[in-house]
Amino acid sequence: MSESVRIVACPTCKAEVRWEPQSRYRPFCSERCRLIDLGQWASESYRVPAEEDHPPGETPPTH
């Protein structure tokens, strides 16, 4: 029984990438795209949204 190989889009350039162990840089298509993505995180171009611990308009507590 053969399984079909899943194809995903590279997050950086949108090229098709086979999702399999032989795809060295998955989900990226290449080391270049992987490093571009890493650089975006390092320069804070990408951010994970965070919720404020205090209501809007209220001054945050100081320690």
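For all residues, glycine too, the Cβ spot is worked out from N, Cα and C.
Owing to the predicted nature of the structure, the values given are computational and were not obtained by experimental measurement.
Annotated features, as they stand in Swiss-Prot:
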type: BINDING; residues: Cys10, Cys13, Cys29, Cys33; note: Zn(2+) binding site
Cβ-based neighbourhood (8 Å from the centroid) of the Zn(2+) site, residues Cys10, Cys13, Cys29, Cys33 excluded:
Pro11, Thr12, Lys14, Ala15, Val17, Phe28, Ser30, Arg32
Which residue among the binding-site residues Cys13, Cys33 has the fewest other Cβ atoms within 10 Å of its Cβ, if you could check?
Cys13
So for Cys29 (Zn(2+) binding site), how many other CB atoms are inside 10 Å of its CB?
21
